[in-house]
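Undergrad: I am attaching a structure below and will ask some questions about it afterwards.
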Amino acid sequence: MLKCIPLWRCNRHVESVDKRHCSLQAVPEEIYRYSRSLEELLLDANQLRELPKPFFRLLNLRKLGLSDNEIQRLPPEVANFMQLVELDVSRNDIPEIPESIKFCKALEIADFSGNPLSRLPEGFTQLRSLAHLALNDVSLQALPGDVGNLANLVTLELRENLLKSLPSSLSFLVKLEQLDLGGNELEVLPDTLGALPNLRELWLDRNQLSALPPELGNLRRLVCLDVSENRLEELPAELGGLLLLTDLLLSQNLLQRLPDGIGQLKQLSILKVDQNRLCEVTEAIGDCENLSELILTENLLTALPRSLGKLTKLTNLNADRNRLEVLPPEIGGCAALSVLSLRDNRLATLPAELAHTAELHVLDVAGNRLQSLPFALTHLNLKALWLAENQAQPMLRFQTEDDAQTGEKVLTCYLLPQQPPPSLEESGLQSSPSESWSDAPPSRVSVIQFLEVPMCSDDAEGAAAEKRGLQRRATPHPSELKVMKRGVEERRGEAYSWKPESRLPSPLEEDKRLSTESGLSEDSQPSTGTASQGEPEGSLADTQGLSQQEAAPNAQEEAVEEETYEEPTVRFAEDTLLLPPAGEDGESEEGQLEAPWPLPGGRQRLIRKDTPHYKKHFKISKLPQPEAVVALLQGAQPDGEGPAGAGGWHNGPHTPWAPRAEEEDEEDEEEDEEEEEVAVAEEDKEEAVVSAPSIKGVSFDQANNLLIEPARIEEEELTLTIVRQTGGLGISIAGGKGSTPYKGDDEGIFISRVSEEGPAAQAGVRVGDKLLEVNGVALHGAEHHQAVEALRGAGTTVQMRLWRERMVEPENAVTVTPLRPEDDYSPRERRGAGLRLPLLQPEAAGPLRQRHVACLVRSEKGLGFSIAGGKGSTPYRAGDGGIFISRIAEGGAAHRAGTLQVGDRVLSINGVDMTEARHDHAVSLLTAASPTIALLLEREAGGPLPPSPLPHSPPPPVTAPSTVVTASPGESGPLRLAPSLLAATLEGPYPVEEICLPRAGGPLGLSIVGGSDHSSHPFGIQEPGVFISKVLPRGLAARSGLRVGDRILAVNGQDIREATHQEAVSALLRPCLELVLLVRRDPPPPGMRELCIQKAPGEKLGISVRGGAKGHAGNPCDPTDEGIFISKVSPTGAAGRDGRLRVGLRLLEVNQQSLLGLTHGEAVQLLRSVGDTLTVLVCDGFDTSTVAPAEVSPGVIANPFAAGVGRRNSLESVSSIDRELSPEGCGKEKEPPGPTPQWGLEAMVPPGTTGGKMAEGPHSSSCQQPPSPPSPDTLPTNVKQAYRTFAAVPGPHPLQDTPAQPPTPGPMASPEQLSFRERQKYFELEVRMPQAEGPPKRVSLVGADDLRKMQEEEARKLQQKRAQLMREAEDGALSLDLDGEAPDDEEPEEPPPWAGPAAGLSPSSPQPLGGGAPVRTAKAERRHQERLRVQSPELSTPLPDRALSPAERRALEAEKRALWRAARMKSLEQDALRAQMVLSKSQEGRSRRGPLERLAEAPSPAPTPSPTPVEDLGLQTSTSPGRLALSGRKFDYRVFAALPSSRPVCELQSPDFAEELRSLEPSPSPGLQEEDGEVAMVLLGRPSPGTVGPEEVTLCSSRRPVRPGRRGLGPVPS
């Protein structure tokens, strides 16, 4: 493409060439042309193997990039680069650096990393200008002894080498700032290392160092020191001399203590001492006043120093996996602490002073021995509080209790206490192998294992509850947490004692000291005796006390168990179960442990109080006042013995939520093995009538949860007196009448800034106060400058009257705020043994809500919607502080997406929770730089849902309205499958299975395709849906039995057969413990197989592909198919040699990368990036025998309308894999030789010979249909897209002689019936077709950015004209034809040559067939449509109005009239241009006339029988007097180019297309041609047969040269 013009003449002064990632195997030849000017050459990431000798003639190079190639030798000629400053040859195969490198004296930056170097040349140290040297991973065994000669070295990287020692001359590098020696074999550091005065970073990790030299303390400017992964046993005391040190990394060493001198590191910010042997931390650590991160993980610490309280800037403290028994109370002094992790220690209590760390958000105390939590923790705004390894959610709901020992109020929940009594710890720690898992995994792996559970034959009750073959271990499942809670409740009772023989291993093994060899954390070890997994507590002693050698029960006993088996469940009651004294009610003679409640028939149940649903997020945000606790005790303990449910049914007026009992107590709605019951005794309900004392802000729900009323805003008026100082008042104000409101819509005067030390701050003025009066001057309704003047003229003493809003928290309240209140209290579902089908639940009160996800791409004008509400702003709805969509701009991104509606609640923005967010926070997220915004929205079910059409989906089975349950306001899940609907699904032709995927936090290992709004090809072509398109080989989905091609019917009960693609993705990604998929085993696509093709070195793959998403359909049999298909297989490539790939196959995957849903360009890039081995997954595509060859061959399309109006040409989606070409170039590369592209033939063939000519063409195998207006089904709905479509599709050409008739498959018309010009054109076509080499290659002389700016400018002008025309259209002012050539009732006789393409831009006014007058007025359009109806009814289908809305119809009319107006203005402008040109030249040549002028003014040849108006125009133009007067001298084009001219209207949408049309026009007359104000004069001699040579051209267009093979210069009749 670039050889059509001589580049060497255009620009030989090129300074920079970037050829990175171009798959080059040799240096391009054109680079050598720039040897005099080239300074920067980047050839990184190619396949270069050698550097030729001409390469080293680029003497002016200053920057050379050759990294990531296959260069095997660096020639000595590199010395020619005397001016080279930067050299990068990293990641090659260079074995040695030539000695001549020393002549590159200007070299400052050199990177030789990743080469198999073993040494450096001797002269390398002569590069004294070298400042940055990288020698990473080069197998270097020693440094040159004179490396100190590199005196200017600033950065030296020697990582991943084999260095065992360092030369002493290293100390001469006085400018060295960064030294990286990590990953070597250093055992001793030289003392001279401390003599580097400017060293800032020293990396010594992953070496064999056992000690550090004391001289390191002399590095006064050292900022970062990394000595991790060594063998250090102690640190030198001189380390305290590193006064500027900020990062000290000591991980994975053998340190037993830290030196006291560490306290001198005042600037230390990060200290990591994890995986050492520290027994204590020095108290001097408290002197590191800037310490922000302290990592002490995996040591032997038993206590933390008290001086930690001095670290006021500490934000992260991690002391996991130590032996801490107590936490110092001084830790409350860490005011900035936000993350405190104390996992797997031996803590029994937490200090109450921990509540002073106001910024603490994450507290991890899992794996300890805590009995309860201090009540003061309610002061903290915790986001996560971890009490167990398998805790499902970061926050829990707590209840208050009195500590039995201290009498203090504490917080507890179902995860507390964490450990059994101390008497049982040893048995838990020393459990025998028979009690543990036989095949315990080495780390925490989510595995389901089946155990043979031994039982005693004489334990009938245990046998009934011990049918527990399926055991769940090391998975975060709430069932074990509930049983732990049950065990804890039993241990609290004093009436029950344990037999010494009965052993209960601890749930968490505690004495696991992590060493460097083991690396196993305490939470990763399997629990040997976890009282969990749904196993009854009473049977634990017997079950775990038995050895594995005992016999299993026989089959008869198992049958009895199956009959009497009942799921162990957690029962609920309104009363707290009070344990009786010892010996009264629950202890047998043998002292065996029995359940403290009767078996399932009993009424009393285990109470679970303040234990939340595992899906809820709760945080403790407010400490209750003592009065509230008194109210709780009085209202909930009528008997004075313990908390009870007296307030269970008394919901105060301030109850934020009051769900049913079964909703409140719901624990896990996704468990298979539990069936929960709710038993509420009638007497409990009667007792619940007793109400608690009415205390402000306090009420109780069914489970005695302490509830509060929400915080409210109170307003108060203050009067403050301020004494002005020399610096002023120290305040700034904002707002005022006529100014931007400071808060909401309030135009008052507000305090916007208060200086901390100013007099206003000392007087009590705060930011946000509203200023009402200053020294008696009322400021209500005042403008901003008036308030400023009032403050300035107030004198020394200023008396202000302020209005202040303050947030008032309710008194006596414990606020347990759900982070997502809409997820509260889902109705409980019961499950059967087979497929889990939810039962119908009573409808909840309140509006039904549904959620959906919207993903918006930011446009130039933003997102196109507005929000309202949020904290700190006026509520959108009364009493609701959420954020809502308040307005959607018409035509914006949100309006085009169609997924947003006014009134939608915004729950999250890009994953950030917005339920409790401030308005300005939401605005900042929406206005961030991210190009896409993902919104989670909630909408009341009464409103319309986002559109999700199903074009091919069969309707679902009709079910009764009562069989579908819609999500209630508090329920998180959307629609649920009903039994009848599922039963109808099971009657299909393929089996249906239910697959359970445990969610352990990792990926699912599958990809899906399809949905109601997406194509699902090649799956379910007859019945679209959601299908699994890819399964990772060892992923979770593959292990669970899912296969490619499985149809997903439901996800966790949600029917997704009619869901959109995004809804299906959201359902799969919804957080849950277990993902239950209902899949139908549809067969895989026919012919699916995996092929492996090996490419020889340098061999091409040899295939071309077509198709792709958002492009031209690659399947000619299905225009909706967006798959990737093979369109050509070259016999010389690897694919042709293999023989298994053929034309028509569909490509599904390439080297494990899915091609489904990829665009054409993405698929081509993926195929080009494969190496020598190609593993491709294919299936059957389309049958090439049933498709016309023109449709199969790449780059050719038989009918431009066959693939839809929106797709302009198949060239856009056909690419060869073996070379980088533009889509146009790809098409030209693969088209057989021919004179023109297919649409060019259409424009040139005379209308009467369409059928016959096209049958003889090289590309067509059938009769070519002339283009016709598209059907309404294929028209785009967007008006602008319609204009682009019609501009891109070739229309009838204005130079055709006669109106086109409907095509007939008959033979060609006889020559006698043709006019002379038609026979002449036919002769030209026949003569030139075999001689043409192909379509001329074109080079765009206008850059893409310039073209885009020109189009935007034209569109802007067009928009202004459209608005003006809209106004004129309303007044009926468009009745006058502005062209001046003909009145309205007459058609213009001389249309310009460009009028035809311009008219094609309007769908409603296509160009008249046969070259009639152009349509530029409404009357002309009506006449043209009438003529079309008479002549060609099948071609006169207009754009139906019913397909367009009134707004779109008005826009269409305005656009059309604007184009007409532009065409008329263009005609006037060109006439004026011609007149100026003629007048400027007529003065000079009146007396002298050349032979060309006389010949041009001679009478024209005899006209043809029916000349067209265009031909008449040409004849009149050639014979007009004075127009062609030529002087004797050459025509000055610079004068002509300076004349004003504008681009034709037809180039507004597709300039290249219009240009190509002009290049293909046959000449209407053998005289002068005028195009766009360009004069093209030709010699009127008889040409030789063939094409006109360039030597016959005297004057050519100033826009482009006349090239050989151009149409329009035909033989002249005599």
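Yeah, the Cβs are placed from backbone N, Cα and C, and that goes for glycine too.
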Undergrad: If Swiss-Prot is the reference, give me the range from 1005-1032, 1341-1368, 1509-1536 marked as coiled coil.
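TA: That would be 1341-1368, per the coiled coil entry in Swiss-Prot.
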Undergrad: Looking at the ranges 580-607, 664-691, 1112-1139, which is given as coiled coil in Swiss-Prot?
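TA: My reading of Swiss-Prot: the coiled coil range is 664-691.
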Undergrad: For the repeat 'LRR 13' (289-311), give me same-chain residues lying six or more residues beyond its boundaries with a C-beta closer than 8 angstroms to one of its C-beta atoms, as numbers and ranges.
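TA: Sequence-distant neighbours of the repeat 'LRR 13' (289-311): 246, 251, 266-283, 317-328, 330-334, 336, 513-514.
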Undergrad: Could you round the CA separation between SER866 (phosphoserine) and SER37 (phosphoserine) to a whole angstrom and send it over?
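TA: SER37 (phosphoserine) has its Cα 54 Å from the Cα of SER866 (phosphoserine).
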Undergrad: Determine which residues of the chain contact the repeat 'LRR 10' (221-242) at the Cβ level, with the cut-off under 8 Å and only residues 6 or more beyond its ends counted.
TA: 182, 197-215, 248-265, 272
Undergrad: Rounded to a whole number, how many Å is the Cα of SER755 (phosphoserine) away from the Cα of SER1467 (phosphoserine)?
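TA: One finds 68 Å between the Cα atoms of these residues.
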Undergrad: Six or more residues beyond either end and a Cβ under 8 Å away: which residues meet both conditions relative to the repeat 'LRR 2' (35-58)?
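TA: Answer is 12-27, 64-75, 77-78, 80-81, 88.
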Undergrad: Ranked by the number of other Cβ atoms within 10 Å of their own Cβ, which of the modified residues SER37, SER866, SER1445, SER1467 ranks first?
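TA: Its Cβ has the most other Cβ atoms within 10 Å: SER1467.
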Undergrad: Going by DSSP, give the three-state secondary structure for SER866 (phosphoserine).
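TA: Once the DSSP labels are grouped into three classes, SER866 (phosphoserine) ends up as strand.
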Undergrad: For a three-state summary based on DSSP, what are the helix, strand and coil counts in the domain 'PDZ 1' (719-806)?
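TA: The domain 'PDZ 1' (719-806) comes out at 14 helix, 37 strand, 37 coil.
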Undergrad: For SER1467 (phosphoserine) and SER37 (phosphoserine), what Cα-Cα distance in Å is obtained after rounding to a whole number?
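TA: Distance (Cα to Cα, whole Å): 47 Å.
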Undergrad: Just how many other Cβ atoms lie inside 10 Å of the Cβ on SER755 (phosphoserine)?
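TA: Cβ-Cβ neighbours of SER755 (phosphoserine) within 10 Å number 16.
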Undergrad: Quick one: pull the CA-CA distance for SER1445 (phosphoserine) versus SER37 (phosphoserine), whole Å only.
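TA: Taking the Cα atoms only, SER1445 (phosphoserine) lies 60 Å from SER37 (phosphoserine).
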